[in-house]
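Here's what TrEMBL has on this protein:
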COMPBIAS  54-65  compositional bias 'Polar residues'
DOMAIN    113-170  domain 'P-type ATPase N-terminal'
DOMAIN    206-351  domain 'P-type ATPase A'
REGION    1-65  region 'Disordered'
REGION    84-113  region 'Disordered'
TRANSMEM  131-153  transmembrane segment
TRANSMEM  165-184  transmembrane segment
TRANSMEM  371-390  transmembrane segment
TRANSMEM  396-416  transmembrane segment
Amino acid sequence: MSKRRTVASRMGDAIPLQRLDNGGDDYDNSSNSHGRANTSGNHNYIDVRDSTDRPASSLSSIGTPLMTSQADLDDHHAASHSLAATSAASRPAAKRQGAGSARTEPLNPLDNNFKKQRYPANVVSNNKYNVITFLPIVLFEQFKFFFNLYFLLVALSQFVPQLRIGFLFTYVGPLVFVLAVTMAKEWHDDHARKKRDNEANSQRYLRLTEEGPQVIPSKKIRVGDLIIIEKNQRVPADMVLLRTTEAAGACFVRTDQLDGETDWKLRIAVAPTQKLAADAELFALHGSVYADAPHKNIYDFVGTLTVTDGPLAHLPVSVPLAAENTMWANTTLASGSAVGFVVYTGSDTRAAMNTGHAKTKVGILDTEVNLMSKILFGVTLVLSLAMVALDGFKAVWYITLFRFLILFSSIIPISLRVNLDMGKSFYSLAIERDSEIPGSVVRNSMIPEELGRIEYCLTDKTGTLTRNEMEMKRIHMGVMAYTSETSDEVVRHVRA
């Protein structure tokens, strides 16, 4: 009998296969979006990679209970901030600037003149088109392929009396139908993206004010606001962690929607603000928060929190900030509740800067169809030349050649494109309604068939694409090899 073993991996629980929308998600599950489908050469594979070169300031905890002593947190806090403190001491004071630049904002919202801010609005926008760009972009994306361009030229040729063969509708109608189906699919996908964006922008959050918590939508959050984040709530903007409900100032966040990792990350609140008796005392503090210019690296952050006046024992106080003191947008608070100071919004957030503009994706099947249409066109050209040669290349032989090309155009089946588009729409609908993968969302209906072409799944973490259950076949220890039948020898060898 083979022995079943459960292997605890760094990834924690198993997650279903999905795709990250950097430039437009294709297949997404509500819990994670880490798998990235790749197509290279004749082989497709899923590439799931771990970021092993992250700096030491990035902490992670794998299923660790939220039990951390204050002494341990203070020691780790001082050690991890030594580099940030050095850079902060030599950094000149920054002026308030606009999007994409370093900023220094008042710690107390009452001292902040929000009307003079020039930072981007905290709006999520992943749609590809607008009313003006929809038609030209879609037409360009379609006619850059030889398949559609060929039938466009054939249809236009019917407006020339010398080349007209049969009824005009028989050439124009199929092309218009193909383009209409494609436009409808593109509009549906883009409308779904815009709907998801509106839902994210309309999510309600609590903004801490002097009068108490105020409910606002995500799109109205500004740099300098104090936002209360509850357990299992998505973080709407990049924040500096000021306070948590834990006495030690620790909390955990899930970053699977940002970097694809399902293990919880430890975050630590800034010490001076964590020591306050209540959240309302934040409005008795006066100082500033410095944040470096926004960039893509989610494992690096340089900032300084300075308190010049307030109910603290030793003033003024300046505390360096690192990545462990932050909560990035699109992460989720996994434990307790927290109060954060917003430093980046909208396009300045790490999540937005790591998300590329949505592009039109082309599957291998479409590329193959386009190649076959070129081959068939070459066949029709040879047949047409043969027919003209048999006719003796008369005076207007080139017109006869074009007429034969139009006659033989039916060899290239335009109905194939219609069938493919309709089939992709059906596959996309089937994926969303599959009871075995509940919660899956097809964000791009142009390449659902690519899932059937996957040949290799590459991963450096057990549990990313599996159930964390492995059946031991053989284990090599030095020059010895053991099987499941000799597991007792393995135990004795390890204990020895």
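Even glycines carry a Cβ here, placed using N, Cα and C.
Where the annotation comes from TrEMBL, it is an automatic prediction and has not been curated.
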DSSP helix/strand/coil residue counts for the domain 'P-type ATPase N-terminal' (113-170): 30 helix, 0 strand, 28 coil
Within-chain partners of the transmembrane segment (131-153) [C-beta distance under 8 Å, separation at least 6 from its ends]: 171, 174-175, 178-179, 182-183, 186-187, 190, 360, 366, 369-370, 373-374, 377, 409, 412, 414, 417
Helix-strand-coil residue split for the domain 'P-type ATPase A' (206-351), DSSP-based: 25 helix, 61 strand, 60 coil
